[in-house]
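If you check Swiss-Prot, you get these features:
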{"type": "BINDING", "residues": "Glu60, Glu61, Thr76, Glu77", "note": "Ca(2+) 1 binding site"}
{"type": "BINDING", "residues": "Glu61, Glu77, Asp80, Asp82", "note": "Ca(2+) 2 binding site"}
{"type": "BINDING", "residues": "His91, Asp98", "note": "Zn(2+) binding site"}
Amino acid sequence: YGKRRHPKKLTPLAYKQFIPNVAEKTLGASGRYEGKITRNSERFKELTPNYNPDIIFKDEENTVMNQWPGVKLRVTEGWDEDGHHLEESLHYKGRAVDITTSDRDKSKYGTLSRLAVEAGF
């Protein structure tokens with residue numbers, strides 16, 4: 001005990017690269033489609049809120065910090081009910097998230113994607 005693991009080198013994801021390398025709505029990536037979760041459904045209560053102060057949530061209804069000091073993770077879309085996605089979108093189930101960084105530097109997106117994969121998203 002007491003041994004510190006060396007951090008592994010993170011390889012940025014390429015634009016439009018998926019982990020696993022299949023489309024997000026396939027059975028292997030996201031499981032069986034179980035229907036849209038609406039605000040009034042019982043399953044809505046199963047969604048877990050995230051109150052992490054290091055994440056800026058875009059308010060459409062009115063681990064990044066360690067990689068880029070002073071930069072925060074910006075969630076632009078998570079669970080959604082507005083109907084702007086495809087019928088079986090994972091956003092309606094609370095199983096998809098769109099993210100950027102607070103500085104909106106697109107050169108960081110590949111590494112940001114890799115960090116999300118490493119975090120289990």
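Residue numbers in this text run from 1 along the chain shown.
Here the Cβ of each residue, glycine as well, is placed from N, Cα and C on the backbone.
Sequence features annotated in Swiss-Prot and their locations in the structure.
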residue : record                : Cβ neighbours (10 Å)
Thr76   : Ca(2+) 1 binding site : 12
Glu77   : Ca(2+) 1 binding site : 17
Asp80   : Ca(2+) 2 binding site : 19
Asp82   : Ca(2+) 2 binding site : 10
His91   : Zn(2+) binding site   : 20
Asp98   : Zn(2+) binding site   : 12
Request  = Measure from the Cα of Asp82 (Ca(2+) 2 binding site) to the Cα of every one of the binding-site residues Thr76, His91, Asp98, then give the nearest.
outcome  = His91
Remark   = His91 (Zn(2+) binding site) and Glu77 (Ca(2+) 1 binding site), compared by Cα position, are separated in whole Å by 8
Remark   = Simplified DSSP label at His91 (Zn(2+) binding site) comes out helix
